[in-house]
Amino acid sequence: MTKNNEAGWNLDHSYTTLPQSFYTEIPPTPVSSPELVKLNHSLAISLGFNPEELKKEAEIAIFAGNALPEGAHPLAQAYAGHQFGHFNMLGDGRALLIGEQITPSGKRFDIQLKGSGPTPYSRRGDGRAALGPMLREYIISEAMYALDIPTTRSLAVVTTGEPTYRETKLPGAILTRVASSHIRVGTFQYAAARGSIEDLQSLADYTIKRHYPEIEAHENRYTALLQEVIKKQASLIAKWQLVGFIHGVMNTDNITISGETIDYGPCAFMDNYDQGTVFSSIDTQGRYAYGNQPYMAAWDLARLAESLIPILHEDEEEALKIAQDEISKFSVQYENNWFLGMKKKLGLFSKEEQDHSLIEQLLKMMEKYKADYTNTFRSLTLNTIENTALFESPEFKEWYKLWQSRLEKQEESKENAYEMMKNNNPSIIPRNHRVEEALEAAVTNGDYSVMEKLLEALANPYAYSTDQEEYCVLPTPTNRPYRTFCGT
């Protein structure tokens, strides 16, 4: 155990107040020669750490699982999940929660080591992770944070000095993940499947205290909990859709109760606008396609509601009715969030009857002409209509006149409208081919400069800076079709 705490560790372990069926205490498995390859300075500071101390050998040993900081209580969390519609009892198969860091402002964040070795939930896996997927999670999660989308974050990546065997031999790595918590829809499914109402109540009470303390005194706090999670997910999924983010594996174990995006395995950002876009190699039926994400979120939340039925009301029929009523509200909340976001993307302050039609017409044209999602809105924001099939079409020219006329009707000036668009239309996203370039350089050549440059650009997606323009360039035909694999 590390005694020197100049690094700023301030760990608590409230999760162990839950019944022991929710976790297994287990130490991380040491690795041979850990090396720090990436540290998130700004995140470290916000968590109360001293970044310079975290670069020292004793702290790198903690990120590698070779040592534990003061106050650590390593454990693997148990949960269940519907994976592509099929229910399984799961758990942290290659991750350990080492504790909850209490920040200088009193906030609580899980500190989890991902790739830290086998656990009782590993299901024949080796408990390890490869460098490429861990760096990928770092890049995408930090890009999501900069886009103002609730997300888990990445504090550090260390290489282990040991190979990891997948289809081929790959360099091993461990990611330090930071989250408001790792409580998932699947955690509630796990509690419900075990059949103990006391355990289910314990989990619900703990979750309310940790994430939604304002509803503790609510006359039916478990209904209120369901309402809060639905509200958070309706907002989150709308934010995904508005930037063209495709999660790829929206299983119930990847839906957080806090409303943060988690698990960046087969995710990617859409290039051409297409409702049917799928990147994940294992999603052969398009279950988690871009256009399906709102529906799948509702499906996942229905599984949460099912799990809560034993504590929603003492009468089962009444509990079922409460669950159904609350789930039915998701689609309206999602639509409202999405519509408000789309209005901002088009600079619309006021509300007009034609707004829905204006938005739908644009999206239909974008799909028809295979227009790039991000760059179309970027061009509209800059009012630079480029030489593309969409912009040269008669339909678009007609639409553009209607849109300009709509902007002129507003009390707010066009300058204000374009300024709002700038704040809601990212100039750059983590383009799939640029992420792969960065990973190739880092993993194959040990050159992290490409990744650092990409991260620097992605940190300010709404800056519209000229030095970001290289990241707006579309992939060449050889970079398509892009496929992702569940490596994280």
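Residue numbers in this text run from 1 along the chain shown.
Cβ coordinates are placed from backbone N, Cα and C, and glycine is handled just like the others.
Fair warning: this is a prediction, and the values are worked out from it, not measured in the lab.
Record note: Swiss-Prot gives GLY91, GLY93, ARG94, LYS114, ASP126, GLY127, ARG177, ASP263 as ATP-binding, and the candidate from ARG184, ARG194 in that site is ARG184. In the three-state DSSP scheme, ASP126 (ATP binding site) is classed as coil. Neighbours of ASP253 (active site, proton acceptor) among the binding-site residues ARG94, ASP126, ARG177, defined as a Cα within 10 Å of its Cα, are absent: none qualifies. According to DSSP, ARG177 (ATP binding site) sits within a strand segment.
Among the binding-site residues GLY91, ASP126, ASP263, the ones whose Cα sits within 10 Å of the Cα of ASN254 (Mg(2+) binding site) are ASP263, in sequence order.
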